[in-house]
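K.L.:
Below you will find the structure I want to go over with you.
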């Protein structure tokens, strides 16, 4: 079994957080449930407690049935790791699915009339984020793409001006005013193109340029209507249609401005047509058709602009959400890393995370994280008089006092280049020279000892208790690392560590060192003989020569003075910038500011100021996003990831991911195509004669499109339809290939409706009829001849032979075909190449029919009859031979150019939409990838942290930055505590070359502890919590929180007893397979304890109290291979049927005589 087998959990749901919780709403936690010491408290014996949530009894014990150990809710507490939604909605209150939550089921309830009208009005409103700052970011986000689009539009408009100039000047004498207008417009578009590409071009300038373009287009439209010869309500109708379309699609303006501009251009053309053709008998028919045509064009524009902008805003919002989650995770990871590296050295933590990441196969032995360091100094410090101090205060006050003292020691250790290893009760030990080797490691430990003695003097002064520090130092070799699988604590082992532990018996206020340490001091300190062997049997047995430090090194004094001077200078320079904080009270007997400085309380309070002044999370996200927008290059992104013409990703995996994107608005696209079809039908019925066949074709196409819309709507309407229909709907809507095919099919149906009526019209060339009547060749027939024969424009009756009606205004066929092509732009999910191919195929089909098919006669007849109409309007009569030429290019020759211009605009818009969508996808994918990397890193960190601290304790310290002297503790009413030690392991441990200087002995100890950890991980022992290991002693407890405490059944106590017996069995199994004879002593006790963490910056979870001390004594006074329990525990276990025997009265240090029992077995049943 691999060492991390107990850590890795199969990933069931990708949306799980690193805690193993699902992204979703959690059950609300109520702060008022926690009271007393059951809720975390942050107290200090040097100052008043932080005001907790109002509780009825803040200092009384809280029974566990009150759901203790619940964290107080507050900012930053209990934050899920999924994406946090923020108020980023639109001003029109459009509802979008919050990031990181499940998609909300569509609202299928019937809407009222006002509600439907409100939803419809929302479509025409400009979209805008509620936050002005976010809106500016959004505009910056798409600025480069809009700038590129606007530049291309200028080029298209310059080309369009050239086309209009050619159409006007080619057939007849051009009008100078209109030529000058087109020339000026072309020059202005070129100038605007240059302006758009300047580095100083900004968002405000873009809007100004857009409105200038609209003004120029309106002027060109007016000039074209006035210059038309002959005048006609349908003359040049394609031009305002084109202007309206590009207003919605290629101009970067808001929806409201686009709607107003599109309606304005449409109204302008209608007014001009009405004023210039007021005497035409067919004026109102054509004006009605023009109104429908413009309404359809504006509808297409809205159907294109609205989903494109909403998609862009949602993509931006999603990208921002991913960035927000990434920064949130990054912040949490920094806190995790800080907390993790405060407990484990960096090289150990990184190696553990690497092993979790690589997921190595099971090995015969668990991996051991041990390193050897040869030249280090080990310091052990013990508080002399601690028992007297403990007798004068409660357990909580004692823990708070130790916390503040050890927090000060941690600061001193950092200043003196020492690494704190562990805190064992009132014992503090640290090492200098690891993880980085130092030549002055002995000096560092001695200075650390001097500072510790100075610090304890303040405790002695303010408490009135005679406490001192016993400090012992030894230099030599250590093995450092962690053992086991759970609740890792960095530790050191070696014979030199054992020796250093015995060296602390040097006496109060003195530093006791060995000769090995003295040799590293280079004579910088005065010493005297220590005679350690007289006070400690181990030192006497090992013949260790010891010394006592008399005075500090002069060199070190000078260095410290210089450092203190620099710190004072820096503090003075910051004094005007930061308010000085002074605690409300210290120990009950003093408020001496010097004492505060000596204890380091001022400094520790400053440590948290950075957190207070931290940037607001929302502002941090916006600032990061702004920098990312400024740094990214659209052109470079396209070059690196997207093929130039096809706009497909260069990497196949990206293309596959993109192709799996589902467009939820596909049903709306088909509905827009149905709307365009209806408009085309209205135009055809208004302008052209129709037959029963045409009505049947229109009805069939209408039914096909309507059925398609309904099928697509089934996907969003829940389970009201048959399963087969739902499956068909999902297959269409959720498949890019199928939805593209259906989109092309819909456009094809609309195109058929636009050209179907052409085949029912009269196809007889009017020239042929007139030539027969006038005995002329068809080439010689002119408009004047037709005028003489009383032919006129607008007659529906057949002009020549045949019964088919005459289609007098084929310009509307062109307009309807343009509408059918524009309908393809509504389908935003179809690729630009697909739209280009579809446009060319449909356009080519139409041109073949126009130029080579029977309908060609319709367009030739129209050009002649338009000349007749012009002659009639001029009230002049001409001879057939002297007839003036028609002042315009023939419609069938204009049509290919018009189709080409529209195809170019359609392709540019499709390129813009697809390019934007792909770049948004790319950026969101990158943000998602970075977020996932952060989540993986967070998962690794949390797995490590949860093997160092309990989950709720780790969450407490990750919630916000903690001060060094800040305390986290809980009062627990009834906890069972176990100490299990291998009595003869010290005899087994030897340091020889054959066993790699003792590493192999530690490897076996690691296997033993790992087995114990695997057992405690079993479901039946879920109420147990491993506390720590102390050398070869294993410490565990049960009933430490609400989920594991059983007040009625006391199952947590019996679980610990079962675990103790299970360890005895496991040790026998280990002895059989390792050919050893290890003997275990286990001690059990129960009662109240205080559980908490000492050292907020270097947290170490532990439990304290008389219960813990007695449990330890049950182990130390026990008998090998037996489990010794106290009378309190005996009463609980005996009532449950456990087999126990009375040992008798045992003398226990600090407790006198106690009656104890041996646990022999479980219940008889």
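Cβ atoms here come from the backbone N, Cα and C positions, even for glycine.
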K.L.:
Of the residues 475, 573, 915, give the one that Swiss-Prot describes as phosphoserine.
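P.N.:
The residue tagged phosphoserine by Swiss-Prot is 573.
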K.L.:
For the Mg(2+) 2 site that Swiss-Prot describes with 382, 383, which of these is also annotated: 426, 440, 451?
P.N.:
426
K.L.:
Check the candidates 375, 790, 1041 against Swiss-Prot and report the one noted as N-linked glycosylation site.
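P.N.:
In Swiss-Prot, 790 carries the N-linked glycosylation site label; others show none in the record.
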K.L.:
Which residue does Swiss-Prot record as N-linked glycosylation site, given the choices 146, 277, 775?
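P.N.:
According to Swiss-Prot, the N-linked glycosylation site annotation belongs to 277.
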K.L.:
Enumerate the residues of the same chain, 382, 383, 426 excluded, that satisfy the criterion Cβ within 8 A of the mean position of the Cβ atoms of the recorded Mg(2+) 2 site; list them in sequence order.
P.N.:
381, 384, 386, 425, 427, 428, 469, 470
K.L.:
Counting other Cβ atoms within 10 Å of each residue's Cβ, which of the modified residues 659, 916 comes out lowest?
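P.N.:
Least crowded of the modified residues 659, 916, by Cβ count within 10 Å, is 659.
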K.L.:
With Cβ-Cβ distances below 8 Å as the criterion, list the same-chain residues six or more beyond the ends of the transmembrane segment (179-195) that contact it, or say none.
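P.N.:
That would be 151, 154-155, 157-158, 161-162, 164-165, 168-169, 201, 205, 209, 212-213, 216, 219-220, 223.
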K.L.:
What whole-number Å value do you get for the CA-CA distance of residue 424 (ATP binding site) and residue 659 (phosphoserine)?
P.N.:
60
K.L.:
Looking at the recorded positions 277, 383, 426, 659, 790, 916, which ones sit with their CA no more than 10 Å from the CA of residue 470 (ATP binding site)?
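P.N.:
So the list reads 383.
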K.L.:
For residue 1103 (ATP binding site), write down the residues of its own chain that are at least 6 apart in sequence and whose Cβ falls under 8 Å from its Cβ; none is a fine answer.
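P.N.:
The answer is 972, 975, 977, 1027, 1037, 1040, 1089, 1090, 1091, 1092.
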K.L.:
Reported in the order helix, strand, coil, what are the DSSP residue counts of the topological domain 'Extracellular' (757-816)?
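P.N.:
Its residues fall into 28 helix, 0 strand, 32 coil.
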K.L.:
Let me spell it out: take the transmembrane segment (212-228), skip the flanking residues so only those 6+ beyond its ends count, and list any with a Cβ under 8 Å from a Cβ in it.
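P.N.:
That would be 153-154, 157, 161, 164, 168, 175, 177-178, 181-182, 185, 188-189, 192, 235-236, 239-240, 243, 247, 251, 261, 264-265, 268-269, 272-273, 276, 888.
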K.L.:
At a C-beta cut-off of under 8 Å, are there same-chain residues at least 6 beyond the transmembrane segment (237-253) that contact it? List them, or none.
P.N.:
142, 146, 149-150, 152-153, 156, 160, 164, 206-207, 210-211, 213-214, 217, 220-221, 224, 261-262, 265-266, 268-269, 290, 293-294, 297-298, 300-302, 304-305, 811-812, 814-815, 818, 822, 825, 898, 901-902, 905, 908-909, 912
K.L.:
Going by C-alpha distance, which of the recorded positions 382, 385, 916, 1110, 1113 is nearest to residue 277 (N-linked glycosylation site)?
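P.N.:
Nearest in space to residue 277 (N-linked glycosylation site), counting only the recorded positions, is 916.
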K.L.:
Is the transmembrane segment (740-756) packed against any residues at least 6 beyond its ends, judged by a Cβ distance under 8 Å, and which are they?
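P.N.:
666, 669-670, 673-674, 676-677, 680-681, 684, 694, 697-698, 701, 704-705, 708, 712, 732, 813, 816-817, 819-821, 823-824, 827, 829-831, 834, 838, 842, 846, 849.
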